[in-house]
Amino acid sequence: MVDPVPEEEKEGAEPGGSEGDEATASEPPDAQGAQQPAASSASASAAAPRKAEVPCGAEGGRREQSPLLHLDLFNFACPEAEGSRYVLTSPRSLEACARCAVKPVELLPRALADLVREAPGRSMRVATGLYEAYEAERLAKLQQCRAERERIMREEKRRLFTPKGPAAAPASASASASASALSGGSSSSCSSSSSLPASPASRVARRTSPSPPARSRPPPAGSRTGRKSHSLDSLSRRRDGALSSESGASSSSYSGESLRELRWPPRASARNSCPAGSASSAPNPLGRPSALALVPLTARSFSLGDLSHSPQTAQHVERIVRQVRAERGLRGVPERDRKIAALMLARHQEERLLLEQRAAAHGQWEQQRVRAEQRREREEREKQRALERGRRAWAAQVEERRGRRGREEREAARRRQQQCERSEERRRELAERQGLLRRERVERAARDDRLRKLQQEQNLKQREEGRQEGRERAELVRRERAQRAARARERQEGQLQREKRELSRAERARHEALLRGRVRQQQEEREGLRSSLEASLGRAQENYEQLQEQRARELRERARREELQGRRAKEAAERKEREHQAHLEALARAGERRLQHAAQVAEEAVQQKARRVVQTRLEKERAQRANKEKVERDEDCRRRELLQAIGRKLERSEQLSRERRSALESARSTARASFHVREKVREETNTRSFDRMVREAQLHASLDRK
């Protein structure tokens, strides 16, 4: 739940900017978005410390930012955090959830597809009912946590605006009493939430706290500036009291939890009452001084530059440089290589401390993961048992429905068989009477037409009545279904089953009505079709005879027209041939005239082109002679200049080679000294394998050859 800053706090309650419990981001309680994956949590944790820096920088020069304060952007640099399905949230929201005994993950919305995927045997209607029940429960919990969070915000504002002096003592006493009551009342919620895997940022925050009693020391209740001081002097005093002579600075394990402890000590002590939230009580299996003991409550992480500039690191580097000078007899080591050696030593110290912290945190995380696995297994077993019960009930209902449907189908098949037998009997009778009824075809056709019209009108009337009845029944079923759905949201699973039975009964009645209407319609259509076919057969025979006579007349008329068109086409073709021959003769005469004119023009063009070619050749010969003389003169000048430049380059190259040899000797000496210093640092910080020793021997041999 995101913790927005109220208008009163923006105006004067906390002048340091937005509060520190915006240090982490999460799914808001009043937002209905989907659950964030671990990658979004990681990005939120990377962006959250930047929010935590805002109060220090928003003072406008009243308080100087400490250059020793650094943020830890590697809260999720572990394999366990990659698959985490939990999100970070603000301290107010966490405290509200703890007071209401609600896990933060229960406030996240779940998609309907997740419920269907978890129980593949359930029908979509059952999954929808479960989803609605889950959403109603989630919204109720969300409203409860939201109200509790508003109550916490009012308590904080009341505590912030409490006047200093004697009147502040009762307020501080009541605040401590409420904090102790909160810690006692939320012990069950702490125990329940401890079974869940904690988010990586909160895990790192708990890892940095040395002991639970150290976190329960709040500053004076009336001094807000004491809780928010981040000056250089206070940070220096904290660092001097926290760091020993062996470790020049603590590792980069910043967490927003320590910043929250400085600003909200009552809530920090309430959270400390949960025994599963501290990792400092875990034993150190390696037998080395634990990194958790090096970071007290008010300590801050320091950069690699702070570690490299510590006096112990500088003395260590000086000792290595003196040792290399004494052993190798080389010149002094440059300042840059001294800094590199100091950084190597500082990085080794930082990695060692970070490994110890991660080992302790991983042990705590593994315990919480095992507890979460056990809880998930129990829930899965309960879910499977409920699923098996639902599956058995569903199988019994399906079997009962299948038997009922089989009986209905057998009854319908028997009725269809009887109807088919009756229709077959009528067809045989009609076939026997067909010879007798052929003479009365005209009268029967008229009578059949009248009967068919009457039957069609009756069919239309019955069909419209059936449709109206179906619509009324469907509307009735829809209203009943809406009423049952409204009642089902108020009642439980029993009423859902009754609704299903009523729905299936209504559907069965509608299905039977549709079947009866369809059978009656098919019967009527079959009788009407038979009578219409007999009438259309007689009309078709008469039409066929008329068509035969008409087709013979059309064929005779078409033959006469085609003969007339053939004579006309032959005359037109002869006339067109004569015109074409005359046109070809005219074209031949015009082509001869054009050829004579073109030959004359081509002869004149050839003579003119020959004259131009002779003149162009003479001009090119004169230009070639002039260019040849100019090229010879330029070549002589270039040759003389090239000889002079070669002489100057030879002199310059000899001078540069002498300077290069002297600089190379100096650089090799410095490189040997730097190399030996770094090797000394590596020998003290790293373990040497056989392959590393072989490579070092080869490198020494190549340096000695140089």
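Even glycines carry a Cβ here, placed using N, Cα and C.
Lifted from Swiss-Prot, the feature list:
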REGION    1-63  region 'Disordered'
COMPBIAS  1-11  compositional bias 'Acidic residues'
COMPBIAS  28-49  compositional bias 'Low complexity'
REGION    179-262  region 'Disordered'
COMPBIAS  179-209  compositional bias 'Low complexity'
COMPBIAS  210-221  compositional bias 'Pro residues'
COMPBIAS  242-257  compositional bias 'Low complexity'
REGION    268-287  region 'Disordered'
MOD_RES   Ser310  phosphoserine
COILED    360-624  coiled coil
REGION    364-386  region 'Disordered'
COMPBIAS  368-386  compositional bias 'Basic and acidic residues'
REGION    398-425  region 'Disordered'
REGION    448-580  region 'Disordered'
COMPBIAS  448-529  compositional bias 'Basic and acidic residues'
COMPBIAS  548-580  compositional bias 'Basic and acidic residues'
REGION    651-706  region 'Disordered'
COMPBIAS  651-663  compositional bias 'Basic and acidic residues'
COMPBIAS  664-674  compositional bias 'Low complexity'
COMPBIAS  676-706  compositional bias 'Basic and acidic residues'
> Of the residues in the compositional bias 'Basic and acidic residues' (548-580), how many are helix, strand and coil by DSSP?
Replying inline: 33 helix, 0 strand, 0 coil
> Of the residues in the compositional bias 'Low complexity' (664-674), how many are helix, strand and coil by DSSP?
Replying inline: 11 helix, 0 strand, 0 coil
> If you run through the region 'Disordered' (364-386) with DSSP, how many residues end up as helix, strand and coil?
Replying inline: 23 helix, 0 strand, 0 coil
> Averaged over the whole of the coiled coil (360-624), what is the pLDDT?
Replying inline: 83
